[in-house]
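Peer 1: Structure incoming, see below.
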Amino acid sequence: MQVLPPSSTGGPSRLFIMRPVATTLLMVAILLAGIIGYRALPVSALPEVDYPTIQVVTLYPGASPDVMTSAVTAPLERQFGQMSGLKQMSSQSSGGASVITLQFQLTLPLDVAEQEVQAAINAATNLLPSDLPNPPVYSKVNPADPPIMTLAVTSTAMPMTQVEDMVETRVAQKISQISGVGLVTLSGGQRPAVRVKLNAQAIAALGLTSETVRTAITGANVNSAKGSLDGPSRAVTLSANDQMQSAEEYRQLIIAYQNGAPIRLGDVATVEQGAENSWLGAWANKEQAIVMNVQRQPGANIISTADSIRQMLPQLTESLPKSVEVTVLSDRTTNIRASVDDTQCELMMAIALVVMIIYLFLRNIPATIIPGVAVPLSLIGTFAVMVFLDFSINNLTLMALTIATGFVVDDAIVVIENISRYIEKGEKPLAAALKGAGEIGFTIISLTFSLIAVLIPLLFMGDIVGRLFREFAITLAVAILISAVVSLTLTPMMCARMLSQESLRKQNRFSRASEKMFDRIIAAYGRGLAKVLNHPWLTLSVALSTLLLSVLLWVFIPKGFFPVQDNGIIQGTLQAPQSSSFANMAQRQRQVADVILQDPAVQSLTSFVGVDGTNPSLNSARLQINLKPLDERDDRVQKVIARLQTAVDKVPGVDLFLQPTQDLTIDTQVSRTQYQFTLQATSLDALSTWVPQLMEKLQQLPQLSDVSSDWQDKGLVAYVNVDRDSASRLGISMADVDNALYNAFGQRLISTIYTQANQYRVVLEHNTENTPGLAALGTIRLTSSDGGVVPLSSIAKIEQRFAPLSINHLDQFPVTTISFNVPDNYSLGDAVQAIMDTEKTLNLPVDITTQFQGCTLAFQSALGSTVWLIVAAVVAMYIVLGILYESFIHPITILSTLPTAGVGALLALMIAGSELDVIAIIGIILLIGIVKKNAIMMIDFALAAEREQGMSPRDAIYQACLLRFRPILMTTLAALLGALPLMLSTGVGAELRRPLGIGMVGGLVVSQVLTLFTTPVIYLLFDRLALWTKSRFACHEEEA
């Protein structure tokens, strides 16, 4: 029977050691809570970091970019500019479309922003054109955020107009109702309509004008209230045949009488069922299709939203005819799931490697089982807390848990090693557990809180990066806290019940061989340490040189923002000459599609031509290239992009810009490339002067590639210069001229056909098949005040001019965006510096301001705060350690280990060819928390030896280094192996995880080698400094 130690031993662990059943059940409760939490947690690619973003779209068919800017965009912008919480407002006014994107502060709820936007639209309504076909429509979606799912709807038996009608009424509306869906857009522009194509010669011969026809149609098709009759006994509702709903009915419409004979619409026009906008088209691979893009609301869970869509699709497709086929072309969640699965596999691999290293050191199965239980328990228990904090299972939280594997095992190792040491000395297991746990308790607390102190600055990081790493930091901190609890409760209890002198002494051939190897290593370390202690100044110079080297490496290492991920989807923009027509652009798009689909890595392609609010002009096309799964293709996305661009370069007259889609989207506009730089001025003239000059210089920089600008000011314009005096003499107003032109060439929506399920438009235009180009203007006729018909050419001259194809604003001022990529042999930091240097050489006028946008702006912000972030982490750790040790000196000794970690991490990143990006910086901050553990374990035991055994500082630190060498080596290798799977990851999302692993492995290797020697020397140096300081104070007191 064991004699129980005094109740004073064991510290906080005593209660749990003495009550094994209660401790076991408590741990089971943590385990069950974690399992339940894991099942309840949503899955996503990254933590929720979206800015509240709302897009406002206004369509005004036929309006020029200048008219859209002045008549639609500007009135709306003035109202939006008064909203509180607005961070940035950008707009794009192109032919027939105005798109305004409103980005709000992160702290503003999206519902509040929505209310403000609706109020602003209402306030601007009276200032908008009276003939606007539809009011502005807003959606809670970021236009730069790629769709979560893309579907193609095709049919071999039905026209596309019928297909779109069915998709819009039966499919799109239902998907829009799913929680998390922000916007469902149909690309292809085949909305059904009745198209009236006037024969200009026929109406001229009859003395009619297009305005006569328009008035007749609008008056003949109405759908308004007619009232009801209320008699003594019956009530009767009034109805009439006031609506015409088919092309045949419109053909029979009488528009005028001449000589008593009716003139019907079919006599002067071709009336047919067609598409509302004939200048829109979409293709799935090579087949014309209706392409449905589903975008999520900011803040919505992408996985659950996509799952809901897939669950509904079978039901929706059953409601369509069998000749209509619905195909899922892309689903972003496929790669997100694969990335999360790969990270989970790496987490399990890290746990296995850590357990293996424990067995290698302890060489005892019972002693290995204890941390083998503590590690997964600490990690699983973290899931329960994540649920309460509304976190998700994503790449960053799983990376935090993977890294935590090496952290949480440290506590268990330290406890087991200390208890085992007393058992090997002959103590009973229970007494050894109480004594060892009590002795090591303060060390565990020091390790835990000093490590959490490193994470505190991450929680105070501002803007998007702070939001991004909030879940990472808190998840890691929670895992570390749970680990500390488990190490002070379950671990000593299990040691007391599972360890014994017999089990620890039981050895096999492997145990004996490894024991001899460790003894030789420790002996060699002891001899080396003795020599180092005899030459302290040489060692100190090595420590100082690592500090200098870390600063130099920090300055010269290439810097980036966020790793470019391979998500299997490429966004593309196809650019043709500015005067390209829709037909010409559609032909070029088909040529490019043929080339792209021949690439072995491409699975499918969707493409779109036309102006719809997202695509700004007819001379550009949007592409989405869906690649095969990563395990089915030989190359990653960047190589595929380079290969596709080389192939498309052979197609004449087009430029192709490609970029891989990313899980982290900071931009608010669809861009041609990954990075953006803007020039903002007070006038378009200033931009037209300086944009070409800057573009010329930027295109010569080797640090940039794919440099392009959205400044397109060579769009052809037929300027109708009206002789106002002549027009006035004939009684013709400018409104009459505009109406005539709009009727002829604007695809004017002149009337609405109402049905039980939907509403369709009547479109008026001239039939220009026989009079293409500018010749069509010669067919325009106007009505004079005396009823005569006047040719437009008699009162106006037609001049050809150039004008912008689109007008862009940023915070209500004209802006041009320059897009660029960064070549493989340069970093984003190099590109940013090169652009800034080039800008200085131009001496831009004061009325032109420049700014980086999107992730480039976030990179500048993150780079500026990085140094302060690291300083804050060091200061936070110093404060915590100073409080724990009640000393100003010992924390400095502990923190002296940090430069070695920085040198190792930066060297490893440079050797691996990785940039110092946000992920790598987080790894360096974590290293600050890891490497100081070595110093803490040494200093704790040295101080105890000085205090309890009366040893000299040199003997105490020497003994502490030898006693703690094995747990120091064990914990460092455990942390290293925990990060190793991240460094070696090759699956989906590996680009995101690898920099963290590389930095941590490199930092741990270098710091492990150096701190074992530098820490004791610095400890003794500061001890002498403390003695000298005390003696100086004592002398001053005696003199006083």
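Cβ coordinates are placed from backbone N, Cα and C, and glycine is handled just like the others.
What Swiss-Prot records for this protein is below:
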TRANSMEM  16-36  transmembrane segment
TRANSMEM  347-367  transmembrane segment
TRANSMEM  369-389  transmembrane segment
TRANSMEM  396-416  transmembrane segment
TRANSMEM  440-460  transmembrane segment
TRANSMEM  472-492  transmembrane segment
TRANSMEM  537-557  transmembrane segment
TRANSMEM  863-883  transmembrane segment
TRANSMEM  888-908  transmembrane segment
TRANSMEM  911-931  transmembrane segment
TRANSMEM  968-988  transmembrane segment
TRANSMEM  998-1018  transmembrane segment
Peer 1: Let me check one thing: do the transmembrane segment (440-460) and the transmembrane segment (911-931) come into contact, meaning three or more Cβ pairs under 8 Å with sequence separation of at least 6?
Peer 2: yes
Peer 1: Do the transmembrane segment (998-1018) and the transmembrane segment (537-557) share at least 3 Cβ pairs closer than 8 Å, excluding pairs fewer than 6 residues apart in sequence?
Peer 2: yes
Peer 1: Give the one range among 16-36, 369-389, 968-988 whose Cβ atoms make the most pairs under 8 Å with those of the transmembrane segment (911-931).
Peer 2: 968-988
Peer 1: Which stretch from 472-492, 537-557, 968-988 shares the most C-beta pairs under 8 Å with the transmembrane segment (369-389)?
Peer 2: 472-492
